Amino acid sequence: MTGQERSEEKSECVSLSPMREAVPAPPECERVCVFGTGDLGRSLGLRLLQAGYGVVFGSRRPHSSSSLIPHGSQVLGHAAAAQSGHLIFIAVQREHYDFLVPLANQLKGKVLVDLSNNLRKNQYPEANAEYLQSLVPGAEVVKGFNTLSAWSLQKGPSDANRQVYICGESVQAKQAVMAVATKLGFSALDRGFLSVARELEDFPLQLFPQWRLPLYIATGLSAAFFFYLLIRDIIYAYFTQGKDISFRIMVSLANKVCPIVSLIMLSLCYLPGVLASFLQLYRGTKYRRFPDWLDRWMLCRKQLGLLALGFAFLHVLYTLIIPIRYYVRFKATERTVSVIRENRTTEFDTTTAWSGDSYLSLGILGFSLYVLLGITSLPSVSNVLSWREFSFIQSKLGHLTLLLCTAHTYLYGWNKFLSSSTYKWCTPPGYMLCLVLPSVVLLLKLLLITPCVDRTITRIRQGWERRADQRNPKNSQPLIP
């Protein structure tokens with residue numbers, strides 16, 4: 001090799017940046033190009049540099065952008081940058097795609113990764129990636145990385161944003177992009193052809209899609225029980241006794257609504273699993289789909305549980321501030337003064353003490369397990385648990401939590417269930433109404449764990465089918481799915 005050839009090879013492994021010193025490129029001289037020096041483009045470039053890639057930025061104003069880009073990269077004009085690498089990330093908005101049309105010859109045969117998103121759904125008649133492909137027909141356009149934010153690219157992948165969706169027409173182009181995503185620490189998923197690009201562009205526009213149904217349920221239950229208790233407690237006292245106790249709306253009424261909604265929503269977390277078990281038991285097979293409404297219900301159990309935990313937290317906070325309320329301190333002082341004036345004493349009631357302490361103890365234990373369920377639902381915690389451990393906590397301890405919270409509510413009522421004064425305007429208290437659903441869930445679960453029923457459910461989930469066994473009575477062993 002001549003000295004001139006060695007000099008040329010060395011120059012290929014050095015990246016020159018305007019107004020900056022020469023920076024050695026990675027050993028393999030593997031370069032990628034990023035069009036756009038905004039927040040997303042710079043964050044992506046930084047991650048690519050950290051992963052060992054050589055990064056060249058393309059900019060309309062390369063001289064003014066040189067101070068913005070990460071150290072170790074270089075910035076050139078779009079035409080010059082397009083010639084520096086085979087893989088080009090388009091980190092600009094659709095409105096600025098026009099600059100790519102004059103570069104059609106330089107971009108021919110290259111892989112263009114479209115990172116753009118829109119402000120709203122159906123903003124344009126076609127997907128941004130499809131529009132980009134029409135502008136540069138000679139390039140291979142791949143949609144990807146659009147579900148990641150600049151912040152997640154800077155901080156690196158986490159459990160909540162590790163997934164990267166890819167779509168495009170060329171298999172080789174998608175494989176190249178997926179290789180980059182994997183090297184950056186993300187998990188790439190091929191969603192198919194470029195016609196799926198609109199669906200991928202709609203992902204970042206979704207606003208808590210899995211939380212909508214749980215939020216509707218929580219809002220509906222809260223409103224229903226709030227007005228129900230408002231009528232029973234506040235309006236009833238005003239009409240029958242002429243008392244204005246509307247001040248109790250802020251704390252006392254809220255402290256009744258929160259535990260009621262929490263217990264009902266916790267029951268709704270475990271009711272679909274119980275219904276699914278009985279449905280499999282009735283059908284005698286696991287090879288039939290559940291109804292769509294049951295599928296959607298089961299998919300939002302995590303959100304139902306977290307909202308239930310939130311209402312339980314509010315109940316605990318409201319309970320803790322009860323001793324410092326003016327109304328409570330006033331009533332305690334008034335009772336003490338009344339006892340002194342009348343020179344009377346009250347005897348200690350052991351039964352009431354037992355019920356009160358048991359009520360508090362079960363509430364503390366139930367809330368502790370409640371918190372444990374919430375912690376194990378976090379991806380950072382659930383990822384380090386085996387399936388058996390996760391199932392034990394969420395199922396076994398989850399039903400135990402429901403049992404403790406239900407018993408806590410029963411002890412709250414204690415001997416009031418048969419008292420006629422409890423039923424104002426012939427309506428039961430709110431805590432009695434909220435006991436119906438958890439009691440039903442616990443009774444159904446009790447039936448499922450009986451040995452004969454549990455054994456049948458286990459066989460069905462292992463592949464046994466009742467109809468197949470009836471057609472061949474000699475075959476009593478579970479079928480291999």
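Residue 1 is the first one shown; counting continues down the chain.
Each Cβ is built from the backbone N, Cα and C atoms, and glycine gets one as well.
TrEMBL entries are annotated by machine, without manual review.
What TrEMBL records for this protein:
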type	residues	note
DOMAIN	31-117	domain 'Pyrroline-5-carboxylate reductase catalytic N-terminal'
DOMAIN	260-393	domain 'Ferric oxidoreductase'
TRANSMEM	215-239	transmembrane segment
TRANSMEM	259-282	transmembrane segment
TRANSMEM	303-328	transmembrane segment
TRANSMEM	359-385	transmembrane segment
TRANSMEM	397-415	transmembrane segment
TRANSMEM	430-453	transmembrane segment
Among 259-282, 359-385, 397-415, stretch most in contact with the transmembrane segment (430-453) (C-beta, under 8 angstroms):
259-282
Could you tell me how many residues in the domain 'Ferric oxidoreductase' (260-393) are helical, how many are strand and how many are coil under DSSP?
110 helix, 0 strand, 24 coil
Secondary structure content, the domain 'Pyrroline-5-carboxylate reductase catalytic N-terminal' (31-117) (per DSSP, counts of residues):
35 helix, 23 strand, 29 coil
When you scan the chain for residues with a C-beta under 8 Å from the transmembrane segment (259-282), skipping those not six or more beyond its ends, what do you find?
214, 217-218, 221-222, 225, 290, 294, 297-298, 301, 304-305, 307-309, 311-312, 315, 370, 395, 398-399, 401-402, 405-406, 409, 430-431, 433-435, 437-438, 440-441, 444-445, 448, 453, 456-457, 460-461
Stretch-averaged pLDDT - the domain 'Ferric oxidoreductase' (260-393):
91
